[in-house]
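**Student:** Here's the feature list from TrEMBL:
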TRANSMEM  26-45  transmembrane segment
DOMAIN    39-285  domain 'G-protein coupled receptors family 1 profile'
TRANSMEM  57-76  transmembrane segment
TRANSMEM  96-118  transmembrane segment
TRANSMEM  138-160  transmembrane segment
TRANSMEM  203-223  transmembrane segment
TRANSMEM  235-256  transmembrane segment
TRANSMEM  268-287  transmembrane segment
Amino acid sequence: MASTNNVTELIIVGLFQDPEVQRACFVMFLPVYLATVVGNGLIVLTVNVSKSLRSPMYFFLSYLSLVEITYSSTVVPKFITDLLAKIKTISLEGCVAQIFFFHFFGVTEIFLLTVMAYDRFVAICKPLRYTTIMSQFVCRLLVAVSWLGGIIHSMVQILVTVQLPFCGPNVIDHYFCDLHPLFKLACTDTSVEGVIVLANSGLISVFSFLLLVSSYMVILYNLRNHSAEGRRKALSTCASHITVVLLFFGPAIFLYMRPSSTFTEDKLVAVFYTVVTPMLNPIIYTLRNAEVKNAMRKLWEKKVNSEVG
C-alpha cells in the first residue's frame, strides 16, 4: 500500500451475527452460487458450440454470462466460507484486490448491457444495415472496449484507495470489501474520495441507465411500424434485457448515488446484486428465448447420444 498503515488485517463483521442464521445462510447461498456458475457456464458453452446462435446478440450474451461468473466469484466464495467461520478476516491487500476485481467486472457488465441495448437498437431500427453495422470486428471491438472501460474505472477506484492511511480500527462493517465501508476505517477525512467514488461509480451507473432507457424508448417507438409477429418477437427479446438491466442497475444506483455516511442498512441490497442477480440472468434469458432453449436441448441430446453410443 502507498500510505503508511498500522492495519494489515481487517475483521469482517459479516451479514448476520447469529451462528444459526449464518449456517442457514450457508445452506441457502451455496446452491445459489453453484447455480450461478453452472447456469451462466452453460450459456457460454451453448453459444460457443451451437451453430444456430451465431448472431451478435448471443455473442454479447456469452460474454455477459462469463462476466457474471467472474463478478460473483470475486465476493461469494469467501462470503460463503466466512459464514462458517467464527472470526472473518482478510488482509488489507486482499481487501483492495477484492475491490478492484469487484468494480472491474461490475462496470464491465454495465458497459456490456449498454452494448447489448445498442445491438437491439440497430437490429430493430436499422434492420437492413444490421449485418453491416454489427460486423464481427465491431462486436469484438465493443466487447474489448467494455473490458477496457471496466479496467480504467477500477484503477481509478484503487488509486484513490491506496493513498489512504489505515491506522485503526480494523473492523469493516460489511460481508465483503467495498469502498464506502473501507473508507470509514481510514484515519483521515475521506469526503473528497467519497465524491470521486460518487462521480466514478454513481454517474457511470446513472448515465448508462439513462442511455439504456432512451434506447428502449426509441425501440418501442419504432416497433409501431413492425408486424404483430415482429413486435411480439422483438418485445420478448427486449423484455429479458430490460429485466436484467433493472435488476442490476437498481441496487447499484441505490448504493453508489448516496452519501457514504448513510451506508448502514445496505447489506441485504448488496446480497441481492452480488449473489441473487447473477443467478437470475441465465434463467431470464433462457426461459424467454426459444432459440437458446432449443440449442441447450440439442446440446443435451448430443451428449446423451454420445454416451449411449
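The chain as shown is numbered from 1 upward.
Glycine is treated like the rest: Cβ placed from N, Cα and C.
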**Student:** With pairs closer than 6 in sequence left out, are the transmembrane segment (268-287) and the transmembrane segment (26-45) joined by 3 or more CB pairs under 8 Å?
**Tutor:** yes
**Student:** At a C-beta cut-off of under 8 Å, are there same-chain residues at least 6 beyond the transmembrane segment (96-118) that contact it? List them, or none.
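**Tutor:** That would be 1, 57, 60-61, 63-64, 67-68, 70-71, 74-75, 78, 90, 142-143, 145-147, 149-151, 153-155, 157-158, 161-162, 176-179, 182, 201, 204-205, 208, 211-212, 215-216, 241, 244-245, 248-249, 252.
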**Student:** Along the domain 'G-protein coupled receptors family 1 profile' (39-285), what average pLDDT does this model show?
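**Tutor:** That stretch averages a pLDDT of 87.
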